[in-house]
Structures are given as C-alpha cells and as structure tokens.
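Visitor: Encoded as structure tokens, here's the structure I'll be asking about.
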Amino acid sequence: MKSNLAVFFITCFFCCVFVTSDSVYTLPFPFPRDQVEILLELKNEFPSFNCDLTWKLDYFGRMDTRANISSWTKDSDSFSGVSFDSETGVVKELSLGRQCLTSLKANSSLFRFQHLRYLDLSENHFDSSPIPSGFGRLTYLESLDLSKNGFIGEVPSSISNLSRLTNLDLSYNKLTGGIPNLHSLTLLENIDLSYNKFSGAIPSYLFTMPFLVSLNLRQNHLSDPLENINYSATSKLLILDMAYNLMSHRILEPISKLANLIQIDLSFQKTPYTFNFDFLLFKSLVRLDLSGNSVSVVGTGSENLTHLDLSSCNITEFPMFIKDLQRLWWLDISNNRIKGKVPELLWTLPSMLHVNLSRNSFDSLEGTPKIILNSSISELDLSSNAFKGSFPIIPPYVNIMAASNNYFTGGIPLIFCKRYRLSLLDLSNNNFSGTIPRCLTNVSLGLEALKLSNNSLTGRLPDIEDRLVLLDVGHNQISGKLPRSLVNCTTLKFLNVEGNHINDTFPFWLKALTRLEIIVLRSNRFHGPISSPEVSLSFTALRIIDISRNSFNGSLPQNYFANWSAPLVNTPQGYRWPEYTGDEHSKYETPLWSYPSIHLRIKGRSIELGKIPDTYTSIDFSGNSFEGQIPESIGDLKSLIVLDLSNNSFTGRIPSSLAKLKQLESLDLSQNRISGNIPQELRELTFLGYVNMSHNRLTGQIPQSTQVGGQPKSSFEGNINLCGLPLQESCLRGNGVPSTPHTQEQELPKQEHALNWKAAAIGYGPGVLFGLAIGQAFARYKPVLFYKLFRL
C-alpha cells in the first residue's frame, strides 16, 4: 500500500513538473525544439495575414491549401507547408507560396534553417524591397523559388554560395543590373529569370553549364553575348526562351551549335535585322517561335517540329515548307501580309490540330470538300481576313471556330450543328442574316461560347441549353423576349444582347445564375421597374451591369444595393501584378471566352474593352427614367470603378456614402434633378479621374480637390447655384451660397476687427466708470494715504 502511494505521488510530481513547464512542447515526433522555435519566430515576423482570398486561387479558380503559416502553433501537426527530415528532424522543406507575406527582414529567422533544401516563397508581397543576402547562408538549398514577389534591385552576390542548387526561379520580379553570377552553380538544371529588368550582355557560360536543361530569360533588356561560347558536345540545354529582349540576328549562329535544343523562343526582339533561320542547323527542334521579327526561313524544317509560330513576321507568302512537317500540330502565321487562297496542303498534314490564319488577307479556302473533310484540324481561326460570300466547308472535327471580321453573307450555316463537339463559335462582325439556328443551342452540341454580334440577324433568341459560358448577340435586329431557358445555363458568365429590339421587363430570374459576371442589356426596349418588393436582387458574382438606354422606370429602394455581389462589395486587398498575366503575345493556353469584347461607357466615352480585367467593376443605369433618391446603399459597393446614373430623373441629394467608393474612377450623375450640395467628402476619392454632375439643381461649393475641382467647367454647368472652381462663379456672401475658403480668409480679418472692438468696449467701459468714481472721491475727500503714496 505504501509503495503504491509512493508511486502515485512520484507520478503526480513529475506530471506537475512537465505540465507547468512552458518550455516543453507536446510533439508526436522527436523534432528538435529549436526547429519549432525558429518556425514560430518566423511566423511572428509576419504579423498580418489578411489578404484577398482570390490571391490564394490557382489558375483554375481552386483554393490553394498547400500551406497556412497563420495556423502554426506549438503543435507540430499544425506546420502545413513544412517538411521535416525523417532521420534528423530538421526542417528540410518550406512551401510558403501565396501566403500574403510581407517585409522579409535581412536578419529573418528563415536564414537559420541551415539544412533547408527546398524553399518556395513565390507569390507573396515582398514588393519594393531587395532580395536579402541571407539566402546565401542556406548552403544546402537545392531549389529556390522567389518568383512573383516584386523584389527590386540587384541579386545579391551571396547567391553564388548555393553550390547545391539545381532549380532557381526569380521570375516576375523587378530585378535590375546584369544577370547574377551563377558560374559556380554547376549543378543547376533550371534557371528562370524571366519578366525582370536585367540588362547587359548574356554571360556565355549560361549556354554551356553541364547540367542545365532549361534557360528562361524572357522579357528583360538583354543583348547578345559578348564573349565567344565554348561549346560542349555534352551540353544538355533543351529549352531556351529569350523572347522580348534586345537580341540581334547574330544570336542564331551561337545557339545553332547547341545540338540538343528542342525548344527555342526568340520572339519580339527589338532589332531591325532579318532573322535568317536555317532549319538544317536545328535538326532536333520540336517548338520554334520567331514571332514579332522579320524572318527568312531556309530549309525544309525539322522532322520533329510540332509547334511553329511565325506570327507578326511581315511575311507575304504562305510557308510552303510545312508540307514536309508530318508531326506539326500547332501553326500560327497570324498578323502577316499573306493574300489569296489558303493552300490545300494545310488540310493534308496528318497531325495538324491548331491553325491561326487571322489578320491576313486570305479570301478563300483551296481544296475539294473530300480533302477538307479528311482534315484533323480542331481549332481554326480565320478572323480578320477578306473572306466573303457564303461560309465555306470546314474540317469535321473543328471545336473552336473563329471567323469574325470578314465579309461572310447569307444565313448561319447548319454545318455547325453537325459538329461532334463545338466549344466556341465566333462569327461576329460579318454580314450574316436570318435567324439563329435552333440547333446551335442544343445541349448535345456542347457549345460554350457563342459570339454573333454585329451582324444582321433577326427573329427571336432560341431557347438556350445548359453548358453555355458566353453569349454575345449584340448589335443585331433580334426581337421578342429573353428566353427564360437562360436560367438553366448555370455556367453562364457573360451575357450581351445590346443594340437589339428586345421588348421585355427586367430579368430578375437571372439572379439564379451564380456565376454570371457580366450583363449588358443596353439599347433595347426593356421597360418597367428594376426593383420588386417580392424579389430581392442579389447577384453572387456580378461585376459589370449595363442596362442603359432602355425604358426602365420607378424608384430604387434605399437598400437596393445592400445584397449585391461580392466582387462589387468586397474591397480589393493585397497587391496584384499586371505583368503576371504575361506579355501581350503570351503563348499560354487560355480559353478564348475568357476575353469577351464589349463596349462600355467610361469617362463619358464609349470604349471597347477587348480583354476585360478580372477586377473591373461597372454599373451603368444611364438613359432610363429612374426617379426618386439615389440609394444610400450605393456606398456598399466598395470595389466599384465606374458608376453612370446620368440621363434619368433622380431627385434628392447626392448620397454622402459615395465617399466610401475608394476605388471609383468615373462618376456620372449628369442630366438628372438632383439638388442640394455636393458632399465635400468626395474629395477623399483619390482615384476619381472623371466627374460629371452637369444639368442638375445642385447648389453650394464644389469640393476643392484635384479629383473634383480639377474637372473641366462643363462637368458642373447647368446647375442652379454652384460656385467655386472650375466654374467662374466665386462663393461670395450674398449669393445665397457658402463662402469659398479664399473669401473666408478675406473676411476673417474684418470679423476679428469687429470682435476686437467689442472686447475693447467691454474692457474699457467698467474701467472708465471706476476711474471716474475714484477721481470724484479724491477730489472731495483727499485721503491721506493716497497723498503720501503719490505725493499729491
């Protein structure tokens, strides 16, 4: 019994010791305590992890859950993004991409992980700061990814200490100076320095590093190597991307000796010289991009070539040498000066899938129906050429068909209804007439994007089946109502029916489409109210709505915008780098329907947006008959960039909540019946570049700021009694309007002068009375004390 009690007390003693000791962590594995402490110190270096959740979305819109540094605690299970060595327990890998980390310190705890082998800090917010030299202390590193961070300055020389490095990615930053010294990093297999501001000559050793497989120097300010290249027969370089630099035609001679190259991109070099490309010197090539240069091609091409881009090369003849390229499946000769017929040989290439012939002067397709119908082509772009007449026969397996900006006539051919799968059909900007074939919208066809704008199509819109992502039938002569079957298109993102004769009420039922981002109903015959007590209008994904130039009427409840979509309501957070989307001629595959083209009224002008940025937001209710007050809830739309409520009958005052729209760039309230003062808080809208409040009933002083007061006089003309810049009317007293600050400053001395006299009167009055009384007393009684003091 005594022994049991002894064991019990001893156990309790040790339990108390270990429980009360705050230096001991409960870990399921024997990780060194110092590693856990360093991890927690690293976490505390980044106090805020609040950022726009869209920053964590991958290319496909899925949430990136690889790591979450904000969840790190003493519990080792919480260290997502961290890998420990199974034998020693030290941290060997950190994957902290897309964590909204900021301000990487020069003495960061990060540089204490001496055994770290893999480090990913990509897509964070280290903007406008240099790369710390401390990275050079991580001598065990094998892979370092610092891409998409906004680092500036030169790469520290300490990077040359990383002798075990096999992968180095510094792309999409703002790094300057020459290419860093990587000569001693002989184990490198992949180097990506693209999308920076590196300048000077390319070091010749880069082409002959013993294990280097891929070298990406795209979009810098680099020029030809100055030194001769000492070629190695064992060079393993396979992929070379030097697009968007300052290379001359002379670069072809040295790189032609790299016998194993399979992919070369020399597109868009800023040189006046012609690239004389000899295929005989590049027998292993699989992919070649010479776009954006003046090119002369010699030889028949590599038998392994699968990808050829000669777009924007100023060529005048079809490249007939492709007839021998039996493995070629991707051809782009767009934006050249080629005329006449598309040769028959194009349809006979057995592997051909993608063909872009746009922006030339082709006028017809050569080849018999039998030959064309045997072609394997699945993506065909004939847009912006000189085709005319009826639409030609096309290969049977085409699933992406673009033929916009031509002169095609007649009805839309029914051959499209016989395609096995047609994802995209773009026949916009032609002279097609008649009705839209019902079969085009059958679910069995699988159409995802239908672009028929700027034709002469008539009749009603057919019922639309599911799967459609983009529908653009703007600027035709379509009548009737919007088909209610659109509510079944759960994938619809873009709807444009502008410039037709559609006669319908507001489509409240569209709010059921949870992915709908853009609605354009402009210039039709829509009518009636756009609010209803029975239906609360809430679009979950809407960011652009244009219902201008219709006959909508009624008033908008004060809470009208209270339940609108997250893209309009949420304030953008964090940083976005426009250059991350690639250059204008990026070759990354992107769905064609990602770039709908619409006309929007921005800053008083109609502007065509060919590629609408994902963060662009706009509301245009202009040219209707809305009345009543502008809802105060408009201030809830904190991400709004363009607001146009002009040419209506709105009354009441301008809501002060407009000052909450910190992203607003364009505001048009002209041609209404709005009264009262312009809210002075609008001075705080620092992005506001266009303001129009003309032809209302506004009074008082125009807010004096660059954004508002700096507008042209026409932006405020036609009001009752506005004053202040940019108008000539000054805000003097007596005009029934408040004083301007300048006038107030002039009047201030007068007011102070009057106040000073009043104060003097108040002070002098009692003093004078008191003096008279004392004087009388002196005169009558002559007190002895006063005589003694003043010797009177």
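From the backbone N, Cα and C atoms, a Cβ is placed for every residue, glycine too.
Residues or ranges marked as signal peptide in Swiss-Prot: 1-21. Swiss-Prot lists 22-758 with the feature topological domain 'Extracellular', giving sequence analysis as the kind of evidence. The repeat 'LRR 1' feature in Swiss-Prot is assigned to 114-137; the stated evidence is sequence analysis. The annotation repeat 'LRR 2' is assigned in Swiss-Prot to 139-162 on the grounds of sequence analysis. For N161, N230, N314, N356, N374, N454, N488, N503, N553, N563, N647, N692 (among others), the entry in Swiss-Prot reads N-linked glycosylation site. According to Swiss-Prot, the feature repeat 'LRR 3' maps to 163-187, an assignment based on sequence analysis. Annotated repeat 'LRR 9' per Swiss-Prot: 303-324, in sequence order. Swiss-Prot lists 351-374 with the feature repeat 'LRR 11'. For 375-399, the entry in Swiss-Prot reads repeat 'LRR 12', with the evidence type sequence analysis. As annotated by Swiss-Prot, repeat 'LRR 13' applies to 400-418. Residues or ranges marked as repeat 'LRR 15' in Swiss-Prot: 419-443, 444-470. The annotation repeat 'LRR 20' is assigned in Swiss-Prot to 614-637 on the grounds of sequence analysis. Under the heading repeat 'LRR 21', Swiss-Prot lists 638-661, citing sequence analysis as support. The repeat 'LRR 22' annotation in Swiss-Prot covers 662-685. Residues or ranges marked as transmembrane segment by Swiss-Prot: 759-779. Residues or ranges marked as topological domain 'Cytoplasmic' in Swiss-Prot: 780-792.
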Visitor: With CB pairs under 8 Å as the measure, which of the listed stretches 139-162, 303-324, 375-399, 614-637, 638-661 comes out on top against the repeat 'LRR 15' (419-443)?
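Guide: Most contacts with the repeat 'LRR 15' (419-443): 375-399.
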Visitor: Which three-state DSSP class does N488 (N-linked glycosylation site) fall into?
Guide: helix
Visitor: Taking just the CA atoms, what is the gap between N692 (N-linked glycosylation site) and N563 (N-linked glycosylation site) in Å?
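Guide: Pair distance, Cα basis, whole Å: 27 Å.
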Visitor: Cα-Cα separation of N374 (N-linked glycosylation site) and N563 (N-linked glycosylation site), in Å?
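Guide: Cα-Cα, rounded: 54 Å.
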Visitor: Given the glycosylation sites N161, N314, N356, N503, find the one whose Cα is closest in space to the Cα of N488 (N-linked glycosylation site).
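Guide: If we rank N161, N314, N356, N503 by Cα distance to N488 (N-linked glycosylation site), first place goes to N503.
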Visitor: Far apart in sequence but close in space: which same-chain residues, 6 or more away, have a Cβ under 8 Å from N454 (N-linked glycosylation site)?
Guide: S428, N429, N430, G474, H475, N476
Visitor: I need the CA-to-CA distance for N563 (N-linked glycosylation site) versus N553 (N-linked glycosylation site), whole Å please.
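Guide: If we compare the Cα positions of N563 (N-linked glycosylation site) and N553 (N-linked glycosylation site), the gap is 21 Å.
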Visitor: Using DSSP reduced to three states, classify N563 (N-linked glycosylation site) as helix, strand or coil.
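Guide: In the DSSP reduction, N563 (N-linked glycosylation site) maps to coil.
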Visitor: From the glycosylation sites N161, N314, N356, N503, N647, pick the residue whose C-alpha lies nearest to the C-alpha of N553 (N-linked glycosylation site).
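Guide: Going through N161, N314, N356, N503, N647 one by one, the Cα closest to that of N553 (N-linked glycosylation site) is N647.
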Visitor: Near N647 (N-linked glycosylation site), which residues of its own chain have a C-beta under 8 A away, given they sit six or more steps off in sequence?
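Guide: Residues satisfying the criterion: S622, G623, N624, S670, Q671, N672.
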